[in-house]
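The following features are taken from TrEMBL:
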{"type": "DOMAIN", "residues": "195-587", "note": "domain 'Amino acid transporter transmembrane'"}
{"type": "TRANSMEM", "residues": "222-240", "note": "transmembrane segment"}
{"type": "TRANSMEM", "residues": "274-295", "note": "transmembrane segment"}
{"type": "TRANSMEM", "residues": "307-326", "note": "transmembrane segment"}
{"type": "TRANSMEM", "residues": "333-354", "note": "transmembrane segment"}
{"type": "TRANSMEM", "residues": "374-394", "note": "transmembrane segment"}
{"type": "TRANSMEM", "residues": "415-434", "note": "transmembrane segment"}
{"type": "TRANSMEM", "residues": "454-473", "note": "transmembrane segment"}
{"type": "TRANSMEM", "residues": "505-525", "note": "transmembrane segment"}
{"type": "TRANSMEM", "residues": "531-554", "note": "transmembrane segment"}
{"type": "TRANSMEM", "residues": "566-588", "note": "transmembrane segment"}
Amino acid sequence: MPENGDGSLLKGRKSQNVHYMSIPINRVSEGEYSDEQSHGDSFHRRNLFDQPLGSFKGVNSLGRFASSLRRANSFMNIDVGSDKERTYFKDGQDALFDPYTLAPAADGRRLSHAVIRRGDISVRPSMGDLYDEGALYDEPESIIAPEITEQAGSRRPTLSFQDLERTTDPDTHSIMLKQVETKDGKVVTLLAGQSTGPQTVFNSVNILIGIGLFALPLGLRYAGLVLGIPLLATFAFATFHTAELLSRCQDVDPTMISYGDLAYAAFGSKGRAFISFLFTLDLLGSGVALMIIFGDSLNALFPKYSVTFFKVLAFFAITPQAFVPLSVLSNFSLVGIVSTLGTVVCIAFCGLYKTTAPGSLLETMSPPLWPENMTNFCLSIGLLSACWGGHAVFPNLKSDMRHPAKYKKCLITTYSITATADISTALLGIFMFGMGVKDEVTKSLQLTEGYPRFIYVLISILMTLIPVAKAPLNARPINSVLDVMMRVSTSQTNAHGGVPRSNRIISSLNGLLINFFMVAISIIFPDFDKFIAFLGAGLCFAICSILPCIFYMSICSDTIKPWEKVSCIVIIIISTVLSVMGVGAAILA
C-alpha cells in the first residue's frame, strides 16, 4: 500500500467488494499549510523505534509494531449500546475512529468530519458519497477540488485529514480508506487496516499466551498424559477452526469489525447484549486471576506475610495505572509479554540446572498417565481450554490487517507458536514435578530448593509484573461501561475545551471500584486452579467454540455446506457437554 501520501485513487484494487484509496494526513492547521510544504518532512518527529533495525524496518519497524499493539489493546472493549448494528459506525454508515491511534473506536470521531479538501477551513461531506462521481466533481462543496477535473490524463483528489498532530504515529504520511459493500448492498467508507502479517501474529500471540499457561501442568496432572495431551491438542485445533469460521463470517460483510457485530448479525440486539455480558465476566475474571497470581507469587517469596496481605498490596500497585492513558498502558503491557516469556525461559533453565528430582529435567518425576477420578478430569477440561481464549478480539485483528486475505496464514502461524509454547510448558511442569505440581507451576519452582538464589527473586518479580502490566487493561473496558451507565464521558469537553472535573472524578472512582472488586473476589476465591478452570470451562467454550459455530450457521446460511453444518452442530454439542462438566467440577471443588 502506498505511503507517499499522493492522494491518488488506487485503481484496480478490488477484493470482496472492497475499493481502496490513499489520502495524505494534514497535521497542521490551514494557516500553516504553506509552511508545511516549504519544510517538507521536517515536522515529522522520528523516534528510536522508527529507525530501521535488521528486519524491523518500513511498515514492520518497531514503531509500527508499537502502534499496532496500541490498536490491538484498544479493541478490548465492551459494547454498551445493544441496539447498535455496528460497533464502530454512527448512523449506520459513518465510521468512527480514534484520532490518536487511527483505529476504529466506538466513541471516536466521525470519519466524515476528518476528511477535508486542502485549502478549505472545514468541509464535512457524507462519506457515503466519497466515490460517487457526481458528489466528487460536480457539487459546489465537493471534497475533491473542482480545478482538479481540468487536469489532463487523470483526476487526482486532494483530500486530507484534518489536524492529527497528536496521533501516536507521527511518521505516517497517508491514510488508507476503503469503500466496502455490505451484505444488503449498502456502500460505506471506513479506515483500511494498517497491521502487517507479522504484527497481527504478534498481537494474536500476545492475546493467547497469558497466565493460563502456568496452570497447564496441573491440567495434565488432573487429566493424565494419555488423555491430557490429546485433549490439549484437540482444543487447539477446534479453536483454530472456530477462529477461521469467524473470519468467514466477516468476509460476508466487511463492515462487521467486532465480535459484537457478528452477534448482532446473528441474534440482533439481544445477541450483542449477551456478548457484552460475557465479555464483562471474562475481563473481570481475568483481572481476578491476575490478583491471585500476584498474591501467590509474593507469598512464596515472603511466606511470613499472608496471601491476603499481598492481594491488598496489589490494589495499590495497579491503582495508579487507572489514571494513565491507553497509549501509555499499551506500551507498558509489553512488560507483561516479556515477563510471561521470561518466566517460561526460567522454568526451562531451572529444569536443566537442577540435577535431582523434584524440579529437574535431568532426573524427571513420573507423570500420571490417567486421571485419578472423574472430578479431576472435569477440572482439567477448564484448565486445558483456558489458554485458547482470544476469539473476542480476533475479528478486530483481521479488520486491522493491511491484507485481510492473509489472515488464515497468520492464524496458522499464531496457533503454531502458541501450541508449541503451551504444550512445552505443560510437559516441562509435569515432568519436573509430577504429582507434586502446584496450581501455578511457578509456585512449585519457588517452593523447591536447589536453584540459584536469584531465580526465586527473578520469578517473583516477573510474576508480579504481569498483573501490574495487564490488570489495568482488563479493567479499562469495564470502567468505560460504568462511565456510560452513569452518563459520564471523559471525551466530552466543557466550554473551556477541557473535560469537566466532575466527569474525571466519577470516572476515577469507577476505576478504583473495579480494582477493589477484583481484589475482593480474589480474596473470597483464592484458588488459582479452580478459578482458571471455571473461566476456561464457562467462558472459553462459549466465546471460542459454541458461539462462533452458531454465528457461522446463521450468517453464512446461504453458502454453508451440509458437512460443515454437521461439524458445527457436533462442536456445539460436545463443547456444551464439556462446559457443563468443567463448570460443575469447578463449583463443587
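Glycine is no exception: its Cβ is also placed from the backbone N, Cα and C atoms.
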Q) Per the 3+ Cβ pairs under 8 Å rule, pairs at least 6 apart in sequence, do the transmembrane segment (307-326) and the transmembrane segment (454-473) touch? A) yes
Lying 6 or more residues past either end of the transmembrane segment (566-588) yet within Cβ distance under 8 Å of it, the residues of that chain are 238, 241-242, 245, 375, 378-379, 381-382, 385, 530-531, 533-534, 536-538, 541-542, 545-546, 549-550, 552-553, 560
Most Cβ pairs under 8 Å to the transmembrane segment (222-240), of 274-295, 374-394, 454-473, 505-525, goes to 374-394
Note: vs the transmembrane segment (415-434), the recorded stretch with the largest number of Cβ pairs under 8 Å from 274-295, 333-354, 374-394, 454-473, 505-525 is 333-354
### Message
Under 8 angstroms for C-beta pairs, at least 3 of them, ignoring pairs fewer than 6 apart in sequence. Is the transmembrane segment (505-525) in contact with the transmembrane segment (274-295) by that rule?
### Response
yes
Quick tally over 274-295, 454-473, 531-554 of CB pairs under 8 Å to the transmembrane segment (374-394) gives the top stretch as 531-554
